[in-house]
Amino acid sequence: MDAFQGLMSGFQVAFSLQGLLFVFIGVFVGTFIGMMPGLGPISAIAIMIPITYTMDPTVALVMMAGVYYGAIFGGSSSSILLNAPGVAGTVATSFDGYPMAQQGKAGKALAIAAIASFTGGTVSVILLMLFTPVLSAVAVSFGPAEYFALMFMGLTAIASLSDGSTIKAFISATLGFIVVTIGIDSQTGTSRFTFGNANLLEGIDFLVIALGLFALAEVCTLVLNRKDDSMNNNKDLGSLRISKQDLKEMSGPMTRQSFLGFIIGVLPGAGATIASFIAYITEKKIAKNPDEFGKGSVKGLAAPETANNAATSGAFVPLLSLGIPGSGTTAVLLGAFLVLGVQPGPLLIQDRPEIFWGIIASMYVGNIFLLVLNLPLIPYIAKVLRIPRPLLISLVIIFSLIGVYAISFNTFDLYLLVAFGVIGFLMRMFSFPPAPFILAFILGGMMEQALRQTLTISNGSFGIFLDKPIALTLIIVSVITMLVPLFTKKKKANVEKNIDESV
Amino acid sequence: MKKLAGIVSILMLLLAVGCSSQSSSNAGETNENGEWSPTQPIEITAPAGPGGGWDTTARMVSQVFEQEEIIDQRLPVVNKAGGGGAIGWAYIAGKKESPYHLFVASPPLVLVPLNGQSEYDHEDFTPIANVIADYGAFVVKADAKWDNLNELFEDMKKDPASVSVIGTSSPGSMDHMQFVKIAKAAGVDVAKIKYLSDPDAGGLTAVLNGSVDVYTTGVAETIEQVKAGKIKVLGITSEERLEGEVLEDFPTAKEQGIDETFVNWRGFFGPKDMDPAAVKFYEEKFKELNESPAWDEIRKKYGWGELYMNSEEYSEFLKTEAESMKTLLDELGLAR
């Protein structure tokens, strides 16, 4: 069966009544669970697995895929409205989405996120359809050395994630690096900084950090400023309307990040999180007015939202064509495949073309459903902000606790969450940006592991990076992006100095 | 003052969540013949998150027990993830003598305590029955220069640092130890083996793109890639060849002249000092499960091998297993 026929049979699956119904159920449940602060795609998929036990595998997997990208699609809501990212991929969304909502433009922010998600999702499905067989080679082209270089590039974002002091941003990142070393060291099996506490052996979960540093710290600020009326004027949700100007601004990031996000998503292990961070920094780097970023920039919101959805489709490349899960979420999704007796891998496209193409075809339909489902709901979702402040604060706290408790059903994590809430609050009071902390936390673990794997392979020699063209290129690009601002700053300073002198 | 009230209410909420775990004290029914039978639901703990091997085994066992009405009680599965199992084991250790708490275990129950990462080891629990067995497979890229284990180990004997090995688990745990055990029997200096761990299951990727030479994993994980001709299996750790399409082509280490095996056993345990009558009850029920057609179907679906041991055989097996692992870990300098 050639690809075209395959795709046609896929559309037959997707457009059958059953197909349409279950794609709809999948994206509906996914987007709904994704919207809950603290619950992300992993919880959504885990909740749905038992339902699929007795279903036809094709239909079941079309639905599960819908749950997955639906959850990523909906995940932006809690980042934008409550500053409570439920999954690592939407942390970057909160950088500009939350300030925008604070400025009374919640409706617009959600609409931008929905359109960007739709674009990223749709463009990447086309790429997925055209290139999956070819890209499976790309997916395995990254060894530890290349991963290290990619993470290193991600780290250059630290400097650009600070609006104030760069030193404070680096201190914050250092804290993130310190925290991620807690737990069993994967390369030696030694436990580090666990103080004999078994609860710390597996390290601290991302959600604990994200909800602590972002959501709970925000809650503390709101509680302290409750008498300050200026914090309260965002009851105005703003209109949904996106001006032509906004659309024009969005189109650039959306086009670029659909491709970039997809390619990063194809690499197992990198995924939506790194795609969204890299999207954010590249757009900030090439923007004419980078100062707007972090203060409610349209581009700063559209870029990561496009990228994380594009990366989600990208993650299907290694999953479907190699049977390699690229992230915790796709690992659970792989489990869902296996439960249904379907083994994703190099043979899936030959043995079960209806499943392979059915999933891809259903993603077109699913993305349209998501857009149609989300846009009209925005006014209602945004009404969350109209909930009286004391009630909203309590709800955020409760949802954060539930989200964290649901990771491991362990109360110890709840104490950690509160502790990180306090740390986040203190960081805010002394204006240390939390974003570099979480970036370092996300990248640090993978980066350390990749570096040590690389050095084990090379028997300790750093020369290995010189032998790997991809790794070398990435490292050189990172170094250049770090050094260039230093020179331009100097130049600028010189120019200003000259002007001063001439005056 | 209001601020304080707010903080207090948050703390109260935390406490309420913390105290919600209940304990049971009902010891069940023992009739005049000394036969025990359960009178309330039996909780099966999977000391890991949903979706993995422990969780799947626990859920499938629970399903067959209930659906085939082998045990006339509900058997809910709970997940206690963390510490590579240590969190779940600590939970069961707290259920002293309870005949209503079982958990699923495999070699990590022996290895994790030996690595110094759990204060409880297999001797702190009552072995009830082993049900299934998995085996390890050593995999290289399809165009690698080695065609069998002997060629690989020959190169490793000359220069252990010339070959890199990757697995999912950390050094001193299963993926590493199954390789070490076989390599040692072949005469390789195991302390010098270059072992990398990739907890995100990137081992297969690393072998496919050539950054690492050998991937040590479970037999079932290799089938799809072997069928596609991307990798080859140099050897597996079972006593005899396995049954099934593709599986039957995998040579054992033993038939290649390396007299060693590694079993990834999986079975069920209860808290320490469980009532012998209750142990007997479960032993028989697991035997019945093991022989049921429904269970046979599940074994085939997941590619699990059969390995039933009753409580006594199981204790003996664990004893020798723990000793041999201890010796190996000592040699690697990983025992604590």
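Every residue gets a Cβ built from N, Cα and C, even glycine.
Residues annotated as domain 'DUF112' in TrEMBL: A:20-439.
Long-range neighbours of the transmembrane segment (A:12-33) within the same chain, counting only residues 6 or more positions beyond its ends whose Cβ lies under 8 Å from a Cβ of the stretch, are 39, 41, 43-44, 47-48, 56, 58-60, 62-74, 354, 357-358, 361-362, 364-366, 369-370, 373-374. Taken from TrEMBL, the feature transmembrane segment applies to A:12-33 (among others).
Residues 13-14, 18-19, 22-27, 29-30, 33, 312, 316, 329-330, 332-333, 335-337, 339-342, 352, 354-355, 358-359, 362-363, 366 of the same chain sit 6 or more residues outside the transmembrane segment (A:45-68) yet have a Cβ under 8 Å from a Cβ within it. Annotation source TrEMBL lists transmembrane segment at A:45-68 (among others).
The annotation transmembrane segment is assigned in TrEMBL to A:110-131 (among others).
If you look up TrEMBL, you'll see A:137-159 (among others) marked as transmembrane segment. Residues 166, 169-170, 173, 263, 266-270, 274, 277-278, 280-281, 317-318, 321-322, 324, 326, 436, 439-440, 443, 446-447, 449-451, 453-454, 457, 464-465, 468, 470-475, 477-478, 481-482, 485 of the same chain lie 6+ residues outside the transmembrane segment (A:137-159) yet bring a C-beta within less than 8 angstroms of a C-beta in it.
What TrEMBL records for A:204-225 (among others) is transmembrane segment.
Here TrEMBL flags A:259-281 (among others) as transmembrane segment. For the transmembrane segment (A:259-281), the list of distant contacts is 72, 87-93, 95, 120, 123-124, 127-128, 135, 138-139, 142, 147, 150-151, 153-154, 156-157, 160-161, 253, 293, 300, 303-315, 317-318, 324-327, 439, 442-443, 446: same-chain residues at least six beyond its ends, Cβ to Cβ under 8 Å.
Per TrEMBL, transmembrane segment is recorded for A:322-343 (among others). Outside the transmembrane segment (A:322-343), and at least 6 residues removed from its termini, the chain residues within Cβ reach (under 8 Å) are 40-42, 45-46, 48-49, 52-53, 55, 57, 60-61, 64-65, 68, 87, 136, 139-140, 265, 267-272, 315, 352, 355.
Annotation source TrEMBL lists transmembrane segment at A:355-381 (among others).
Proximity of distant same-chain residues to the transmembrane segment (A:387-407), defined by a Cβ-Cβ separation under 8 Å and at least 6 residues beyond the stretch ends, is recorded for 36-39, 43, 82, 84, 86, 205, 207-208, 211-212, 215-216, 218-219, 222-223, 226, 232, 413-414, 416-417. The annotation transmembrane segment is assigned in TrEMBL to A:387-407 (among others).
Taken from TrEMBL, the feature transmembrane segment applies to A:414-443 (among others). Beyond the ends of the transmembrane segment (A:414-443), by six or more residues, the same chain brings 88, 91, 95, 151, 154-155, 157-158, 161-165, 168-177, 179-180, 204, 206, 208-217, 219-221, 273-274, 277, 400-401, 404-405 to within a C-beta distance below 8 angstroms of the stretch.
Annotation source TrEMBL lists transmembrane segment at A:470-488 (among others). Listed by sequence, the residues of this chain that lie at least six past the ends of the transmembrane segment (A:470-488) yet keep a Cβ under 8 A from its Cβ atoms are 141-142, 145-146, 148-150, 152-153, 155-156, 159, 285.
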